[in-house]
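Engineer: The structure under discussion is supplied below as structure tokens; questions concerning it will follow.
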Amino acid sequence: MKEYLNFLQFILDHGVAKTDRTGIGTKSVFGYEMRFNLREGFPLVTTKKIHLKSVIYELLWFLRGDTNIQFLNDNGVTIWDEWADENGDLGPIYGKQWRRWHCPDGRTVDQMQRLIREIKTNPDSRRLIVSAWNVGELDQMALPPCHLLFQFYVADGFLSCKLTQRSADAFLGVPFNIASYSLLTHLIARQCNLKAGEFIWSGGDCHIYNTHQDQVSTQLSREPRALPQLIINRDPSSLYDYNFNDFSIVNYHPHPAIKAPVAV
């Protein structure tokens with residue numbers, strides 16, 4: 001994944017010093033795009049080991065419409081713990097918006113269900129979009145959505161996805177987001193009798209935290225390795241019925257993990 005290393009280097013070369021909500025400080029650029037051909041392998045960063053278990057369980061959690069960390073914790077995933085309240089709740093974040101978007105008239109919309117229906121019945125639509133940025137509920141969220149909107153595109157039997165991310169933690173967050181939405185693209189493609197085409201990542205405020213500078217330097221010193229392959233072992237009748245054991249990543253041979261503090 002040379003594209004990702006180029007992204008890190010671009011921030012180092014062109015970024016400006018900025019303050020931020022966490023008080024840590026960043027080097028930041030505004031606007032960057034990366035493209036990954038999902039037919040050439042699964043875009044899982046190889047210059048450090050990615051905790052794939054967390055990627056998969058978080059996506060399954062989103063698809064459940066869940067906003068409490070209990071499901072994650074029960075499966076050994078703690079990536080949302082810092083933001084949860086004493087009851088494990090996070091407010092109306094991603095899962096709630098994907099599956100139960102509240103309308104002014106009191107209705108709720110299952111955006112994922114509507115998306116799949118539209119892909120199947122109107123694949124040339126330019127409205128194949130899911131948004132997590134519900135302005136009316138932002139103040140109730142433990143953390144407003146960083147990856148806030150994604151759009152799909154169907155052509156020649158392939159399904160492609162473009163993710164828009166307003167705030168991009170380049171070292172810790174972005175590799176995770178690339179893997180998560182690439183997996184989602186594969187799942188939706190299979191549910192719609194399509195093949196996964198391309199994943200496009202588009203970032204707004206793309207930043208490296210000051211506390212991640214050494215880790216980024218270490219990662220840039222490493223040579224990328226061949227991408228692994230995603231194997232999906234089962235196709236349930238519903239997008240929401242996948243489980244962790246339905247997925248295998250083969251030929252993933254990353255460099256060792258690089259630890260870094262999370263900016264809360």
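Residue positions begin at 1 at the first shown residue.
Quick reminder: no glycine exception, Cβ is built from N, Cα and C everywhere.
When I checked Swiss-Prot for this same protein, it listed these features:
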- ARG21, ARG126, ARG127, ARG166, SER167, ALA168, ASP169, ASN177, HIS207, ILE208, TYR209: dUMP binding site (BINDING)
- HIS51, ASP169, ALA263: (6R)-5,10-methylene-5,6,7,8-tetrahydrofolate binding site (BINDING)
- CYS146: active site, nucleophile (ACT_SITE)
Engineer: Provide, as an integer number of angstrom, the distance between the C-alpha atoms of HIS51 ((6R)-5,10-methylene-5,6,7,8-tetrahydrofolate binding site) and ASP169 (dUMP binding site).
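Structural biologist: With distance taken Cα to Cα, ASP169 (dUMP binding site) is 16 Å from HIS51 ((6R)-5,10-methylene-5,6,7,8-tetrahydrofolate binding site).
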Engineer: Between ALA263 ((6R)-5,10-methylene-5,6,7,8-tetrahydrofolate binding site) and HIS207 (dUMP binding site), how far is it from one CA atom to the other, in Å?
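Structural biologist: About 12 Å separate the Cα atoms of these two residues.
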Engineer: Please classify the secondary structure at ASP169 (dUMP binding site) using three-state DSSP.
Structural biologist: strand
Engineer: List the same-chain residues at least 6 positions away in sequence whose Cβ sits under 8 Å from the Cβ of ARG127 (dUMP binding site), in sequence order, or say none.
Structural biologist: GLU118
Engineer: When a 10 Å sphere is centred on the Cβ of SER167 (dUMP binding site), how many other Cβ atoms does it contain?
Structural biologist: 19
Engineer: Please list residues from the chain of CYS146 (active site, nucleophile) whose Cβ is under 8 angstroms from its Cβ, counting only those at least six apart in sequence.
Structural biologist: GLN165, ARG166, SER167, ALA168, ASP169, GLY173, ASN177
